[in-house]
Amino acid sequence: MRSIISAFILSLNFCTQPLVRGAPSAADWQELQKAVEGRLFTAEPLARPCFSTFQGKSVEPNVEECSTTKQHYLNSTFKTAAYAGFVHSYNEACASNVTDQCLLSADTFSTNGKNTSGTAPLTGPCNLGMLSEKYIAVSRAEDVQAAFRFAHRTGMPLSVKATGHDYAARSSLKGSLALWTRQLNDIAFNPSFTPVGGSSSPIAAMTVGGGANLGEVYKFADRHNVTFIGGSSGTVAAAGGYSLLGGHGTLTPTYGMGADRMLEATIVTPDGELRIANAHMNSDLFWALRGAGSATFGVVLNATFKVEPVMPLTLALMSFNSTGANTGPFLSLLMKHTNIWAEEGWGGPMSMSTLALVNPAMSVDAAKQSMKEVADYVSAQGGTVVLESLPSFYAFYTKYVEAASSTGTGAATFATFRTLPKRLHQSEEGRAAMTKTFRDIKAAGHDTFIFQTTPNKFPYEPGSNAVHPSWRDSYWLVGTSISWSSNDAGLEERMRVAAAVQEVSKNLTDLAPEGSMYPNEADPWTRNWAKEFWGEENYARLVQVKRKYDPHGLIGCWKCVGFEDKLMETESAFRCLGAFQKKR
């Protein structure tokens, strides 16, 4: 069966390029500017005001703008408020060309949000990197339709950026016209929503603009006395990124993934049509959007999600100082209790010396019993144990998550995370294999992060969306993150980091070949990425949907549906990351 599917995919000969290719003329740009009513802009890097040269030409630094950028350079809210701002610098800089970037080094920006000294212009390279030269600040469907007409007529490729909280450089593309959707941030609550064309009983739902971030969505939901189920990073676009590639968080075990909770989407497809996609209309597109929809099948203007009532949560928060010898027993305890905790509805992150799990259906007294053995161990290590009741998810988010999720974005951090099948927890051999893999990762100098955020208790209908099936047969999503030491990192260091990320990916794949890489937090150099992100059967179906709605390949991104590995060598836009791809 596998070989048949693989042969079928190869035989599709998918067209990834527009009908015509060539540089748009001045008249083309003028016509586009008129069509989008002045919302076409010329881009420059966020740090450009600090430099005296840009793209090899002398420019005037702007001391005031430079000071503001330096002051907030580590703040993801500040960065994602601008087209040129990205949480991870390889989205705006060409990773494999250390001169094709315009970044601030650690000795020039503030690490505490205070003003920095020095007004002299910086002397390093300042070039466009991965940024588009032109972008449209999208505010309506007609802007997107105009962009698709422009792309079809001129051959200019398109890219889509919502907030730019992106681990795989999917929201930027050198040489493209960018569609920046951050201004599509309207949010509405409907206590009795019914999908267009449907006849099901109305349910409470929120309609979220493609550029609205999770922090904004959580605040809005709390004001309307409901709970929006999402992740931990407030600057991630709820409808424009998080849910389109799956979406997991602390409440996922009980309430499902972001893709599971989407009821309807409004999208402009590359043929210029404004479409409603749900279970009753354009159902093939709706299936694909929920799990594989990032900058692939069109531009999502908004999406509607089921919401839950406000609910009290019980938090179990534990940590201790690692001595090396005391992490093994702690990991064994996590493995021992994982299946029980999954049935009880606990969800959240863990590591070799920490635990932060949330439960929407358990009292503090019951939690004390559930967590007793682990809490006793942590206390014996001189650690901290907190068991606390919180009145709502928003109370938990604002107290424990919000501040931490908006910092630490100065350089380049690469992630690699994989689902681990339940079978590994169900035998001594499986638990020993996990322990060895985690130790190998630690020996290589990297920390292992464990997310008990798979949808174990959610009543999923098999095959109802494009999320990889392994999520339904896993307790844990496991991986690590590895960063360059600074934005000044040389090519040799960048190559070492890329190799290290790929080595951890190999370790995790060897441990659990039937698992999957999570597309939102995947190794950018994932091999066999179509299978790893979605599974071969899903991918064959996804390519058919792509061909139907985007037959000329007007829109695309790094290792999204329709991407071909040969583009890493033939297209300069993809060589920035492709140069680090290991060949095995």
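Note that Cβ sites are derived from N, Cα and C of the backbone, with glycine treated the same way.
Predicted, not measured: the structure shown is a model, and the values here were computed from it.
Pulled from Swiss-Prot, these are the features on record:
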DOMAIN    128-310  domain 'FAD-binding PCMH-type'
CARBOHYD  Asn75  N-linked glycosylation site
CARBOHYD  Asn97  N-linked glycosylation site
CARBOHYD  Asn115  N-linked glycosylation site
CARBOHYD  Asn225  N-linked glycosylation site
CARBOHYD  Asn302  N-linked glycosylation site
CARBOHYD  Asn321  N-linked glycosylation site
CARBOHYD  Asn507  N-linked glycosylation site
SIGNAL    1-22  signal peptide
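Locations of recorded Swiss-Prot features on the structure.
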{"residue": "Asn97", "record": "N-linked glycosylation site", "contacts (Cβ under 8 Å, 6+ apart)": "Cys576"}
{"residue": "Asn225", "record": "N-linked glycosylation site", "contacts (Cβ under 8 Å, 6+ apart)": "Pro309, Val310"}
{"residue": "Asn302", "record": "N-linked glycosylation site", "contacts (Cβ under 8 Å, 6+ apart)": "Leu184, Asp186, Thr207, Val208, Gly209, Gly210, Ala239, Ala265, Thr266"}
{"residue": "Asn321", "record": "N-linked glycosylation site", "contacts (Cβ under 8 Å, 6+ apart)": "Ser353, Gln381, Gly382, Gly383"}
{"residue": "Asn507", "record": "N-linked glycosylation site", "contacts (Cβ under 8 Å, 6+ apart)": "Thr437, Asp440, Ile441"}
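Residue density at Asn75 (N-linked glycosylation site): 19 other Cβ atoms are found within 10 A of its Cβ, drawing on all protein chains shown. In three-state terms derived from DSSP, Asn507 (N-linked glycosylation site) belongs to a helical segment.
Summarised as a single figure, the pLDDT of the domain 'FAD-binding PCMH-type' (128-310) averages 97.
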